[in-house]
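Copied over from Swiss-Prot, here are the features:
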TOPO_DOM  1-6  topological domain 'Mitochondrial intermembrane'
REGION    1-6  region 'Mitochondrion outer membrane (MOM)-targeting sequence'
TRANSMEM  7-29  transmembrane segment
REGION    26-37  region 'Mitochondrion outer membrane (MOM)-targeting sequence'
TOPO_DOM  30-379  topological domain 'Cytoplasmic'
MOD_RES   Ser61  phosphoserine
MOD_RES   Ser67  phosphoserine
MOD_RES   Ser72  phosphoserine
REGION    89-98  region 'Nuclear localization signal'
MOD_RES   Ser110  phosphoserine
REPEAT    111-151  repeat 'ARM 1'
REPEAT    153-192  repeat 'ARM 2'
REPEAT    233-272  repeat 'ARM 3'
Amino acid sequence: MGYARKVGWVTAGLVIGAGACYCIYRLTRGRKQNKEKMAEGGSGDVDDAGDCSGARYNDWSDDDDDSNESKSIVWYPPWARIGTEAGTRARARARARATRARRAVQKRASPNSDDTILSPQELQKVLCLVEMSEKPYILEAALIALGNNAAYAFNRDIIRDLGGLPIVAKILNTRDPIVKEKALIVLNNLSVNAENQRRLKVYMNQVCDDTITSRLNSSVQLAGLRLLTNMTVTNEYQHMLANSISDFFRLFSAGNEETKLQVLKLLLNLAENPAMTRELLRAQVPSSLGSLFNKKENKEVILKLLVIFENINDNFKWEENEPTQNQFGEGSLFFFLKEFQVCADKVLGIESHHDFLVKVKVGKFMAKLAEHMFPKSQE
C-alpha cells in the first residue's frame, strides 16, 4: 500500500512537471512568435488611422524585392521609445525602425513613385495620418514627409489649403519631444510663406512659452527658436515677443554655442526694428552677460552680439528718451550698455584676447556708444 502510494505521488509529480514544462514552452514560444511578428511587420492590432480613407496601418507595405528591411511598417515595442537625457531613443534599432516607418508612409502616400515630392492627393493622405494617428512613430514619419514637402514653395500653399496648419499645430500639445520637434520643423518650413505666417501667428505665444520652458539646448528648443526667427523676419509680429525678450537673453547666457547663435538670430531681427528698441533696452539681462567678452568665447557669437548692440544704438534717440530713462530698471540692457566700458576695457586691454577684428569692432562700438547713446555732456 505504501509502495503504491509512493508510485502515485511520483506519477503525479511527473504529470505536474510535464504540465509546467508545457506551459513554459507555450509561453516562451508565444513570446517568440510575437517578436517575430513585430520584426516582420505582422498584421497585429495596429490599425490606428481611424476611418481615414486608405490610411490603414496594417495595409502599409513595401513590395520592393531589392530590400528585405522594407517589408512593412514595424510596430515599436513599448521599450523602444525610452529616451535618454538628450531626448533621443535609447535603442539604436529604433532609429532603423523609424526609417522603415518613414519609407512606408512615403510608399503608402505615393505607391507608384519613388519621388519625395507628393501630389495634393498624397499630401492629403499624410495629413490624414497626422490628424488621426496617436502612435508616435507614425506621427514622426508622417511629419518628416510633410516637412520635406513643405520645403518647396508650391507645396506650402497646398498644405495650407488642405487645412494642414491647424492639424500640425495641434501636435505641439504632445509630450513626446521627438514628435514635437518634427511638428516645429514642419511649421518652420511653412512659415516662409507670408499667408502662412498670418495664420500661424495665433500659435506664436504657445511656441514661445514651449521654447523657453523646454530643456536647455534640446532639439525642441532649437526648433522653436528657428520657427520664432522665421516669424520675426518682418516687423509685423515682433511685438508678440516683447514680454519674452528677457527670457531670450537668459537662454543666450546659459545655452551652448548652437543655442547662443540661434537666439542671436532672433534678437537681431528684433534689433533691426526701431519700434522694438525700447522693449530691448527694457529687458532684464543676466549679470553673466558681460563675461561673454572673454578670450574663450566664440568670435562669431561676440561679433553678432556687437551687431545687435550697434543696431540698438543706431535706433536709440537720446533726445526723445532722456526724460524716460527712469523707465529702464536696474539690471536692464540699458544699464548694461551704459556700463559696457568695463567689458570693452577687458577686450581692448588684453593683447592675447581674440583677434584683431574683435578689438576693432569693440573699439568702434564704444566710440559710437559714447557719441550717440550716452554722450558725456548728458551724463
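The backbone N, Cα and C atoms fix where each Cβ goes, and this holds for glycine too.
Across the topological domain 'Cytoplasmic' (30-379), mean pLDDT in this model comes to 78. Per DSSP, the secondary structure of the repeat 'ARM 1' (111-151) breaks down as 28 helix, 0 strand, 13 coil.
Across the repeat 'ARM 2' (153-192), the DSSP tally of helix, strand and coil residues reads 33 helix, 0 strand, 7 coil.
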